[in-house]
Amino acid sequence: MKLKPVLYLLMLLGCLGLKSAHAATLAHGISASWHSFSQTWNEPQTFDPYIPSIIWHNRWTYDADKIDKYNERPWGAGGGVSHFDKKGNWNGIYLMAFKDSFNKWELISGYGWEKTWRPLRDPDFHLGLGYTAGVTMRDNWSYIPIPVLLPLASIGYEYVSFQMTYIPGTYNNGNVYFAWLRWQL
């Protein structure tokens with residue numbers, strides 16, 4: 001019977017230790033991300049034009065009449081700066097303006113990070129997988145800045161990358177693939 005309070009105390013201390021370790025890991029992750037953002041801003045290695053290329057509404061999650069009304073050609077442009085860290089991973093800060101699904105102007109600005117792989121013998125071919133965090137502003141939201149945290153992927157050769165993201169959603173809302181070309185100058 002005296003063992004029960006001791007076990008409860010050990011479990012409580014263990015939980016507090018896990019929360020403390022989790023908080024320390026989260027704090028380290030935020031600190032590392034801020035350092036990468038700061039380094040990209042202050043020490044850019046390339047200046048990059050962006051060309052929005054495609055908006056695709058997932059056909060499994062939309063009614064056909066909705067898809068027929070949507071724009072899937074995102075005319076627009078953007079720019080950014082890039083920095084590759086010691087491990088060869090891509091960091092970027094960007095701003096893009098393009099025609100959204102309703103053919104209205106949308107702005108998006110943020111920071112992106114991709115783990116970069118060079119799986120072939122040719123070191124110029126590369127793949128990337130990571131995330132982007134930023135804000136977007138759209139006509140149907142009265143251009144109020146809305147925070148975004150989205151997956152990011154790319155395939156590239158030398159200084160040109162085809163980057164993409166997927167905006168999750170519900171039926172007839174969200175579930176959009178968005179892609180653009182990025183040149184490193």
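In case you wondered, yes, glycine gets a Cβ from its N, Cα and C as well.
Positions annotated as signal peptide by Swiss-Prot: 1-14.
The N-palmitoyl cysteine annotation in Swiss-Prot covers Cys15 and rests on sequence analysis.
The active site annotation in Swiss-Prot covers His57 (among others) and is backed by sequence analysis. The local packing around His57 (active site), expressed as other Cβ atoms within 10 Å of its Cβ over all shown chains, amounts to 21.
Look at Lys66 (site 'Role in lipopolysaccharide recognition'): DSSP puts it in a helix. Look at Swiss-Prot and you will find Lys66 tagged as site 'Role in lipopolysaccharide recognition'.
Annotation source Swiss-Prot lists active site at Asp100 (among others), citing sequence analysis. Sequence-distant contacts (6 or more apart, same chain, Cβ under 8 Å) of Asp100 (active site) comprise Ile55, Asn71, Pro74, Glu106, Arg138, Asp139.
The feature active site is assigned by Swiss-Prot to Ser101 (among others), with sequence analysis given as support. There are 19 other Cβ atoms within 10 Å of the Cβ belonging to Ser101 (active site).
Here Swiss-Prot flags Tyr171 as site 'Role in the phospholipid gating'. A simple way to gauge crowding: the CB of Tyr171 (site 'Role in the phospholipid gating') has 11 other CB atoms within 10 angstroms, across all the protein chains here. The secondary structure of Tyr171 (site 'Role in the phospholipid gating'), as reduced to three states from DSSP, is coil rather than helix or strand.
Between the CA atoms of Ser101 (active site) and Tyr171 (site 'Role in the phospholipid gating') there is a gap of 15 Å, rounded to the nearest whole number. The CA atom of Lys66 (site 'Role in lipopolysaccharide recognition') is located 9 Å away from the CA atom of His57 (active site).
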